[in-house]
Amino acid sequence: MNTALAQQIANEGGVEAWMIAQQHKSLLRFLTCGSVDDGKSTLIGRLLHDTRQIYEDQLSSLHNDSKRHGTQGEKLDLALLVDGLQAEREQGITIDVAYRYFSTEKRKFIIADTPGHEQYTRNMATGASTCELAILLIDARKGVLDQTRRHSFISTLLGIKHLVVAINKMDLMDYSEETFTRIREDYLTFAGQLPGNLDIRFVPLSALEGDNVASQSESMPWYSGPTLLEVLETVEIQRVVDAQPMRFPVQYVNRPNLDFRGYAGTLASGRVEVGQRVKVLPSGVESNVARIVTFDGDREEAFAGEAITLVLTDEIDISRGDLLLAADEALPAVQSASVDVVWMAEQPLSPGQSYDIKIAGKKTRARVDGIRYQVDINNLTQREVENLPLNGIGLVDLTFDEPLVLDRYQQNPVTGGLIFIDRLSNVTVGAGMVHEPVSQATAAPSEFSAFELELNALVRRHFPHWGARDLLGDK
């Protein structure tokens, strides 16, 4: 047991009291991102080290690993606490998304350490999808780079409203206030183009030396703001899903015996209570909630984020992927939508292609009708493109094989977020955030069926010498 944990348990008056206190602490999920070698893994290692979250055997192992793989000379290479893959240690970079947990007396934290290399941008998007705050590291020697802009845009696209710009390696710039001010102004100029109402904070620090990470730096008397840890402990995260309308995607129909039929899943938003009138979509059939079953017994009500099983008063046809919501709410099913896409495959996304998609437990097929634009991450301008390349970000029009019940991603990430799956390899090739569902009344009628468009795209791709015309292009 490490000393910090032992001290916390002693302060609470025993293990049982400490465990109860842990349950009532708020949880903050955040990620670290930025360009390669900006010091993301070192920063997380410093946070764990300075909050005394490292066990003695880990510290001993870290000393040995620093001698073998370290990049800091005689000093401890704190990045090795996070870079666990052999390839990461040998190259001195982060490849996969690494998750770490730690807690202080004020809050619990889950950290996602994301890679900085451009070819691993897809990993960064994966890490950002569950986070509420992003720490954007900037090397004080280099300033704002393309990857900084890319990660900032992806973070805001995925609904993150709190950005902490950590200007790292200030020790290599002699802790210059002028350097900090210049980078701060450069980033604010860029951030003015980012969508949404953002909470942006700036902290000058040195992850290697520990300046302004968990304790105030004596080398930067000109900075009177909070340390990075103080920002993480005090930032107010508003859980918008609690105030949103009820959304309950069915993940599993639980039928252990003839006397029980329940619908299991995680309440995506809002609240549900026993006796509430609910509606099942897309069928539109209504019923009442008879029971709310959890792992520790029945409940009278449940809130967003809780895993529950709902039992209804009527035996109606409900399958995996169906959506339960309040009976008095109107949410029409749509067959088309404009979707913000982060493309993750080497084979580019092109109009006419079809993919399997998964959204809130529902799996179906979608066709790419067109690409409206790709975002240039250098200046956030929009440009017309024929296809969306690896790591490209753009707005795409999709048509689904069947009507779906969708929310805008910014309103509800669960019922507004989807993934693209290659139908041959079964590999996830893209992430999508619903920008705007298109109602049946406003959707343009299609002259050709989904099968005809898919066959046309297949022929043009593999048999170009046949000279088949582009049905989408001729519309």
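Note that Cβ sites are derived from N, Cα and C of the backbone, with glycine treated the same way.
For the ranges 168-171, 376-379, 380-383, the feature annotated in Swiss-Prot as region 'G4' maps to 168-171.
Record note: among 65-68, 113-116, 149-152, 113-116 is the stretch given as region 'G3' by Swiss-Prot. DSSP states for the region 'G4' (168-171), grouped as helix (H, G, I), strand (E, B) and coil, give 2 helix, 1 strand, 1 coil. Secondary structure from DSSP puts Asp37 (GTP binding site) in coil.
Thr114 (GTP binding site) has a Cβ environment of 26 other Cβ atoms inside 10 Å.
The number of other CB atoms found within 10 A of the CB of Gly34 (GTP binding site), across every protein chain shown, is 27.
For the recorded site, Thr114 (GTP binding site), the DSSP three-state label reads coil.
Same-chain residues at least 6 positions away in sequence with a Cβ under 8 Å from that of Met170 (GTP binding site) are, in sequence order, Ala140, Ser176, Thr179, Phe180, Pro204, Leu205, Ser206, Asp211, Ser219, Met220.
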